[in-house]
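*Asks:* Copied straight from Swiss-Prot:
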BINDING   4-33  FAD binding site
ACT_SITE  473  active site, proton acceptor
């Protein structure tokens, strides 16, 4: 089999490339996906409120685990990644967050990445999006990804939590992806107007499937990329449960879109990576690139949970006897509790004036439960998910063998920087001050977690070590740039070889301030134009907020304990 392009991974980026490249009728594309189809009748992936279900099994989830994390009581921590058409957009929380404008301006300040500024990227965010309330300078109206905004009449806890954030002295913003990300406000979600998950399989692949120049093969586990000298020429993959070896060849390029965990694995198995690692595993060296699998970053988060004095939370939706009615309303009408991911409010703040853009993110949830559906509190409750955004901690990914079925060694090295501890202590104390504001007086009951007895630094640190969890945002493990640890250039081309690009969240040089899916899609849209030889979209001239000397907060309505200063 021979094609112009072979795309490895039908996830948030791979599906974008498949759809855009096949817009050229004379181009042939093979899309390889290790998982299966995105079954449209499977409520576990299609119902927004069921987002925890795919993380509980291995049908749609690679279910990676980290090595024992040394600063987290040596816990082996979850690292769920999507498996199937749609990749992680098939199992994520559906929060449509792009990151802060300053994230991209920081990227553009790095050598070789000058065209990755926010105003360079904004047109590609708009190109990908159809927002249900229409386009403007920041949002698109004709893109493949449906974005739904919160509606009047949604849960009152969303509004109370945003109001409490403002009463605590932080800004309000009406659009976390608009002029000003900083502040508290409504949160958009990747959900269709009919209440279905808007994965990239639904948005992009549905447009591309009818085209004769696109071939999609599922249950195709990539073994390695093939080379003739320094040029990528094809892909060796294993088909089906039997693992039958197959080979496909690329006339133009191989496009690796496996994500931040799989892409460095595949590169390393293919002979691209740290020379010592490859030599130890007897993998023939094609190109020594020490940065492959390094610079690994993620967002860590905690839940602060409270009982709710009024019966307005989503606790009844967790009871089995209420779920058939919820499911029927969603299935036939696309409405009701089932049609929302229930992350309809949140925010981004600076914990201190020293930060030039937000370093803390909030997701508000009108029920008390773990992200993966475990440990639900058996009463009315609500919670704030809170975590730091740009940790200095860096991890790594290393293959353990040549076997593509064997999971790699993953170490995020969470909380390895003193800054991490300062930020998380601040985050807990700030959250408590937010929850204590008058807007939540009608609802706020006792603190369930961490608990009112957890107060001093040592007590907070012990809670963080034992209870902080991944936000499922691995990234940056094949970073772009031109320094000695960079893996790809600003167009995704792997250094030192020809005919091979990496296009996914792994090429971010630094993790963004927020959820990753929207930015991963943008990256693929932007590089797709480069691959096709198209003129880049015109740079936006939209104005956007820069904090400058603006204080991180004003005086709160109700004071709580002061945040201790950094040493």
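Quick reminder: no glycine exception, Cβ is built from N, Cα and C everywhere.
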*Asks:* Hey, which of the binding-site residues 12, 28 is the loneliest by Cβ count within 10 Å?
*Replies:* 28
*Asks:* According to DSSP, does residue 12 (FAD binding site) fall in a helix, a strand, or coil?
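*Replies:* DSSP call for residue 12 (FAD binding site): coil, neither helix nor strand.
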*Asks:* Highest Cβ count within 10 Å among the binding-site residues 8, 16, 32: which residue is it?
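*Replies:* That would be 16, with the highest Cβ count within 10 Å.
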*Asks:* If you count Cβ atoms within 10 Å of the Cβ of residue 20 (FAD binding site), leaving out that atom itself, what do you get?
*Replies:* 23
*Asks:* Identify, in sequence order, the residues in the chain of residue 24 (FAD binding site) that are 6 or more apart from it along the sequence and have a CB within less than 8 Å of its CB; answer 'none' if there are none.
*Replies:* 532
*Asks:* What is the separation, in Å, between the Cα atoms of residue 473 (active site, proton acceptor) and residue 28 (FAD binding site)?
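*Replies:* Pair distance, Cα basis, whole Å: 32 Å.
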*Asks:* Inside 10 Å of the Cβ of residue 4 (FAD binding site), count up the other Cβ atoms and send me the figure.
*Replies:* 17
